[in-house]
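According to Swiss-Prot, the features are:
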- 50-80: coiled coil (COILED)
- 67-102: compositional bias 'Basic and acidic residues' (COMPBIAS)
- 110-120: compositional bias 'Basic and acidic residues' (COMPBIAS)
- 131-220: domain 'CS' (DOMAIN)
- 2: N-acetylalanine (MOD_RES)
- 67-125: region 'Disordered' (REGION)
């Protein structure tokens, strides 16, 4: 487990850096940044350098997803505010005046009963394919799980206690009750898990799944379960996979949905199709007494 924030607290003297950024070729800019880091520090010589860079990239992606989520929420609020004046503009008589046709109707009017409380069962996941709670939120893709925990502004890494084991996570501030403390839905790879403090006000924990072909129904034991049928894998993630791996992932997702709906999975469908072809090719054979599993 690596702690990224520790390298941020002891900062050496500042080194000037200038470079032009071409949006069509961001990798070139990153290469220049890494060249400067390699020349001006020993960071790239560390054994954990690659892992820490990957964790920083994942943290940046998480911030981008959260920004997009907030943007969508603002747009939905604006659309609701636009609709409200339209309703308010209706005159009282227009709202209260019953239609003559309804008074002449002979059939009894069907009144929709008020909806009862939400049925217990899986919950629709958030935009990150996880859930939002009062003290933290989590999201996932097939390979990783990300947990974000808001902290008081100015929080330092030395004030945080974070213990990541194969099947359990403990996170909180030293001297206080743990914020997250429980067993994972499934095991993780501790050596490929990281935590970091973003802007001194957010603990971000990155977990690498042991089984990277399964969606987690919850992050920590005791949480409500999400409906894994409603998860939305990132298109870019699937596009980055090689054809064989992508086909396996899509097959797994299809089988998972079929299983939850009580429908046949892909291998069962394939067997039935093969049997139909065989029967069609051998019309003279009698299959009436045959038993099929």
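In case you wondered, yes, glycine gets a Cβ from its N, Cα and C as well.
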| remark: Grouping DSSP H, G, I as helix and E, B as strand, the residues of the domain 'CS' (131-220) number 6 helix, 44 strand, 40 coil
| Taking all residues of the domain 'CS' (131-220) together, what is their mean pLDDT? | 92
